[in-house]
Each structure stands twice: as C-alpha cells, then as structure tokens.
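Over in TrEMBL, the protein carries these features:
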- 12-31: transmembrane segment (TRANSMEM)
- 51-71: transmembrane segment (TRANSMEM)
- 83-105: transmembrane segment (TRANSMEM)
- 126-151: transmembrane segment (TRANSMEM)
- 157-176: transmembrane segment (TRANSMEM)
- 183-205: transmembrane segment (TRANSMEM)
- 237-256: transmembrane segment (TRANSMEM)
- 277-300: transmembrane segment (TRANSMEM)
- 337-360: transmembrane segment (TRANSMEM)
- 411-431: transmembrane segment (TRANSMEM)
- 438-460: transmembrane segment (TRANSMEM)
- 501-522: transmembrane segment (TRANSMEM)
Amino acid sequence: MHIYSIFTVIDYVIFAVLLAASMGIGLYYALSGGRQRTTQEFLMADRSMGCLPVSLSLIASFQSAVAIIGVPAEIYTHGTQYWFIGCAYILGLLIPAHIFIPVFYRLRVSSAYQYLELRFSKAVRICGTLTFIFQMVIYMGVCVYTPAFALNAVTGFELWGTVLATGLVCTLYTTLGGLKAVIWTDVFQTVVMFAGQLAVIVVGVQKTGGVADVWRKVWEGNRISGLDLNPDPTERHTFWTLGVGGVFLMLSLYGVNQAQVQRYLSSRTEKEAVRSCYMVFPSLQLALALSCVMGLVMFARYCGEDHSDKLASSSRDAMVIYFVMDMLHGLPGLPGLFIACLFSAALSTISSAFNSLATVTMEDLIKPQYPAMTEARATLLSKVLAMSYGLLCLAMAYLTHLMGDSVLQVALKIFGMVGGPILGLFCLGMFFPWANSIGALVGLCVGLVVAFWLGIGSILTRSTRPLPLECSANVTIAIQTAISLFFSQPSGLKRFYSLSYMWYSGFNCTTVILIGLIISFLTGPTKEEDVMPGTLYPLLGKLFCFLPEHLKKKLCCVTPLGQTVSEKIDLIAKNLPLNKTELVYFSSLCKKFSQKCNSATHHLYIHI
Ligand SMILES: O=C(O)CCCC[C@@H]1SC[C@@H]2NC(=O)N[C@@H]21
Ligand code: NA
C-alpha cells in the first residue's frame with residue numbers, strides 16, 4: 001500500500017529532463033573536442049580542467065542519495081551529534097591538499113595505484129587496485145539501490161525500472177563522454193541536489209509553523225546534541241569518533257581514492273588541483289548543513305508519532321521520503337524536483353565510480369599486461385569496461401536489498417572496512433621509507449582480514465539503541481541512559497565488536513601501517529636511497545623538526561618532496577653558465593624535447 005501517488009505529469013517531466021540533460025552533456029563531450037579518441041582524454045580529461053568544475057565534481061563523487069536520505073534519518077533518530085563530522089573536513093581536506101596531491105601530481109600518474117608500483121612493486125599495485133575495485137563495486141550497489149528503494153517504499157515509483165533507467169543512462173553518458181562528461185554532469189547534478197534539499201527545507205519550515213516553532217520542538221525533543229567529549233571508543237557518535245575518526249574517513253576518500261585522485265590529476269596545474277581541494281570545504285559544509293537541517297525539520301514535524309506502520313518498510317530512510325512527499329505534495333513540480341535531486345546525487349556518484357573503475361582496470365590491470373595495445377583499442381576497451389561495471393553494479397544493488405541497516409551506516413562501514421586499509425597502504429608508502437613491498441602486501445592483507453572480522457562481528461552482535469521519539473522526554477532519556485550504563489560495558493571480544501564504526505577507517509589504517517612496518521623490519525627494511533625519488537613525503541622529518549639534523553638523518557625521510565620537472569630544469573638553467581640568448585635557445589630546445597617525449601613531461605616549460 002503506497003501513501004502517495006502524487007506524481008503529476010510535470011513531476012515526471014522534470015525527472016525526464018534531468019536524465020536527458022545528463023545524456024546531452026555526455027553526448028556533447030562524445031562529439032566535441034578530441035571526441036574521446038584517446039585514453040588521456042577519455043580517462044584524464046586531457047588534464048585540462050579548471051578548479052571550479054573539479055571541486056563540484058569532487059563533492060558529487062561522495063555525496064549521493066545515501067547522504068540525502070541517510071543523514072536526515074540519522075539526525076531524526078539520534079540528534080545532531082553527526083554534524084560534528086564537519087570538524088573532520090578541515091584536516092580531512094588540508095592533508096590531501098598538501099601531502100597527497102603534490103605527491104600524486106608530481107609523479108604524473110594516471111591512477112593512484114601506479115604510485116604503489118613506483119614505491120613498492122607491481123604486486124602491491126595489483127592488490128591495491130583489486131581492493132579499490134571491490135570497495136567501489138559494493139558502494140555503487142548501495143548508491144543505485146538507495147533512491148529506487150526509498151521511492152518505491154513510499155510512492156510506488158517503479159523500483160527496478162528506475163534502477164535500470166538510472167543505471168543505463170549513467171552507463172551511456174559515462175561511456176560516451178568520458179571524464180569530461182562525468183565532471184560536467186557532476187557540476188549540473190550538484191546544483192540540482194542542493195536545490196532539491198533547499199526546497200524541502202523551505203517548504204518544511206513553512207508548513208511546520210516557522211523557524212521559531214521548529215527550533216523549540218527540536219530543542220525540547222533533545223535533538224540538539226551538545227559537544228559529547230566521551231572518550232569511550234565504543235560510543236557510536238561522539239566528537240572524537242566523528243571529528244577525529246572522521247578525518248581518517250575523509251583521507252581515505254579525498255586523499256587516496258582513485259575517483260578523487262583522478263579529478264586532482266585532471267586539473268591543468270598542481271595549484272588548480274590544490275585550489276579545487278580548498279573549494280570543496282565550503283560546499284561540503286553546505287551539503288552537511290542542508291541534510292542535517294532537513295532531519296531537524298522532519299523531527300519538528302513528526303517528533304512524537306512514528307509513521308513506519310504506514311510504510312512498506314520500517315527503516316527511517318523510507319521515513320525521510322515520506323516526510324518529503326508529505327511536505328511537497330500539492331505543489332506541482334516540487335516532488336519531481338526532489339526526485340531529480342535524489343537521482344542527481346546517485347548519478348553523479350555512480351558515474352564517478354564507473355569512470356574510476358574503468359581507469360584503474362585499464363591503467364593498472366590491462367595496459368601493463370598488453371603494452372603494445374593501440375590507443376583506439378585501449379579506448380574502446382575502456383568503454384566496454386564502463387558498460388560492464390554498470391551492469392555489475394545493478395547486480396550489487398540487489399545485494400544491498402539484503403543488507404538491511406541504515407544506508408548511511410552501510411556506506412560508512414564499507415569506507416571504513418575497505419577504504420581504511422587502502423589509506424594505510426598509501427601512508428605506509430609515503431611516510432615510512434623503511435617499508436618494503438612484502439610488508440605492504442602482508443599489511444594490506446592482515447588489515448583487510450581484521451577489518452572484515454571487526455565489521456562482520458559488529459553486524460552479528462549489534463545493538464544500537466536509538467533515542468526515544470517523544471518530544472519532551474528528558475526524564476525517560478536520563479533513566480534509559482542510567483539503565484544502559486548499568487547493564488552495558490561489554491568486555492573482551494564483544495567490546496572489540498562494539499567499536500564505533502566511525503573508528504574503522506583509523507583503526508584499519510593503523511593496523512596496516514603497524515603490520516607493514518613490523519614485517520618490513522623483519523624482512524630487511526628498505527634503505528632511503530633505494531626508494532624511488534618523489535614517492536616519499538618527509539612527514540616524520542616535519543613532525544620531529546625540532547630534532548637535531550643527524551638524528552633526523554637517522555630517522556631518515558628528510559629528502560625534499562619530489563620537485564616538478566620544470567623546477568628541476570629551472571635549477572639546471574640557473575646554474576648553467578648561459579647568457580640571455582643562450583637561455584632562450586636552451587628553453588626552445590627543451591620545448592622541442594618535451595614535444596618529442598610523451599605527455600608525461602608536457603609541462604616541461606622554463607620560467608625565464
Ligand atoms: O553519500 C554517500 O554516498 C556516502 C555517505 C557520505 C560519505 C562521506 S561522509 C563524510 C564525507 N562527506 C560527504 O559528503 N561524503 C563523505
Ligand atoms: Na553524488
């Protein structure tokens with residue numbers, strides 16, 4: 001039984017226009033520019049992108065329907081504690097901007113996992129790539145499934161037909177238009193996403209009696225959580241699990257995830273890439289604020305009642321759609337706008353995932369095996385891969401159907417369980433020169449095993465206790481908390497399983513680094529001079545900058561960060577005994593040289 005069949009023709013038109021616009025952008029990039037004939041264009045957008053589209057595309061990659069639906073459900077059930085994840089965005093973006101981007105950008109890699117071969121070995125690169133593929137395929141399944149399932153639960157909007165339509169449109173424009181199409185559709189879809197959420201908030205506040213009324217109800221309903229500094233790591237959401245554990249989550253996404261690294265590398269210069277990372281911060285805070293406020297307005301609207309009886313599913317996620325349709329029905333076009341917002345969020349994430357999966361499969365798994373492959377065949381194969389990943393993710397959507405739990409929790413657990421160990425692998429390589437490839441391999445494997453042991457263990461023994469829904473329930477909460485404190489405090493393994501999922505990224509990253517270092521020292525640590533230049537970041541040197549030079553030498557990693565080729569040429573040019581005319585001749589010589597080399601050195605220019 002479905003509550004609302006409120007979709008008027010105009011709503012379907014708006015949804016169709018969204019899909020058509022995305023297709024249009026994809027076709028435009030398939031027929032313009034280099035017409036997607038080379039992998040440099042198809043996978044790297046010719047490294048010609050500006051910081052604005054890149055920054056909006058960076059947001060879109062990991063802001064899908066999961067956040068649009070899952071965050072309001074989270075705020076409605078547990079209060080605004082989740083909002084503190086915004087504190088993790090500061091370090092979570094500064095570290096990628098000043099550590100990961102320079103290393104990746106100056107190595108001129110196309111995929112993040114090429115770094116692993118340069119620093120360790122081909123085996124480490126392949127394991128890193130396969131882990132990434134595993135993570136993104138499951139995550140894509142959640143992203144395709146979420147909007148279709150939520151809509152079907154409330155509005156009877158055709159479920160699998162929607163999943164199919166979304167998946168096919170997305171596969172088509174990603175396959176036709178490559179990274180340029182994906183980035184520009186992400187820009188368009190991010191705007192639609194913000195518009196849809198804003199519409200729900202404006203109408204919702206207006207229908208719930210205005211801002212003052214909403215504030216009073218959420219305040220009385222104890223939904224405005226204070227700063228919870230409880231150090232207990234098994235406490236689901238505290239300032240520490242969100243603000244500190246969240247930093248590791250952000251690093252695994254915005255620091256080393258291929259979908260984001262590819263965007264940094266598609267920027268026209270390193271400065272543009274760093275600038276796009278900075279520009280992500282305000283938009284990410286806005287996205288977080290919009291979804292948290294939506295959850296508060298929803299609480300103000302229903303604080304006491306529980307409508308799950310009326311819905312086809314008892315999950316709070318479906319409740320969010322019920323709230324939206326309750327607010328927007330009778331306003332023709334707005335339900336269609338929200339549907340467009342939901343699917344824009346989903347499409348922009350799925351297309352980024354497809355494109356990054358096709359890139360790593362080509363760059364890390366196929367090209368190294370078939371170096372003689374022609375450009376045309378390689379590009380064709382990339383397109384076939386994008387199509388096959390599209391179909392695979394439809395299958396994963398069905399798997400999500402079986403996962404239960406809140407979609408936000410599922411997505412964040414996947415990032416923690418799989419993204420965390422990958423982050424550990426890169427940190428091991430960049431910050432610890434002694435790490436060798438055996439250590440890296442064993443560290444990654446042990447990290448993944450421990451991550452899945454913890455993740456699955458927590459699912460089997462879970463007992464999240466949502467706050468009571470009554471509006472003014474201060475007394476019962478106090479009693480309930482006292483009771484839970486008295487009975488809880490599980491010990492031993494159960495305590496291990498009850499580690500907050502927001503610590504998974506940090507915990508698994510640390511496991512990989514520790515195991516990796518132990519194994520490296522046991523099997524003969526790498527000497528600093530044997531490490532490929534440009535693959536180390538002198539983090540320890542910077543952290544212990546107060547130490548005397550000889551000790552830092554002992555601690556190693558005082559090597560300066562890899563210089564760009566142009567910096568090296570400048571250095572040479574300055575030291576050469578050349579006069580002005582000879583310098584000009586030298587620079588024209590370098591330009592000819594760089595045109596002959598492959599694009600890897602195409603920014604070989606000289607400042608005179
Ligand atoms: O929305 C999704 O698809 C995944 C859930 C959010 C992923 C993390 S949470 C912190 C960071 N901020 C975002 O908007 N996305 C990532
Ligand atoms: Na998205």
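Counting starts with 1 at the first residue shown.
Keep in mind that glycine also has a Cβ here, set from the backbone N, Cα and C atoms.
Contact between the transmembrane segment (501-522) and the transmembrane segment (337-360) does not hold: fewer than three of their C-beta pairs are under 8 Å, each pair 6 or more apart in sequence. Counting Cβ pairs closer than 8 Å and at least 6 residues apart in sequence, the transmembrane segment (83-105) and the transmembrane segment (237-256) reach three or more and so form a contact.
Most Cβ pairs under 8 A with the transmembrane segment (337-360) among the ranges 12-31, 51-71, 183-205, 237-256, 277-300 are made by 183-205. Between the transmembrane segment (438-460) and the transmembrane segment (12-31) there are fewer than 3 Cβ pairs closer than 8 Å, counting only pairs 6 or more residues apart in sequence, which means the two stretches are not in contact. Against the transmembrane segment (51-71), the recorded stretches 126-151, 183-205, 237-256, 411-431 differ in Cβ pairs under 8 Å, and the greatest number is found for 183-205. Relative to the transmembrane segment (126-151), the listed stretch 411-431 leads the set 12-31, 183-205, 411-431 in CB pairs under 8 A. The list of residues near the transmembrane segment (183-205) in space but at least 6 beyond its ends in sequence, with Cβ under 8 angstroms from a Cβ of it, reads 18, 21-22, 25-26, 29, 45, 49, 52-54, 56-57, 59-61, 63, 68, 173, 177, 211, 214, 263, 266, 283, 286-287, 290-291, 293-294, 297-298, 301, 323-324, 327-328, 331, 334, 337-338, 340-342, 344-345, 347-348, 351-352.
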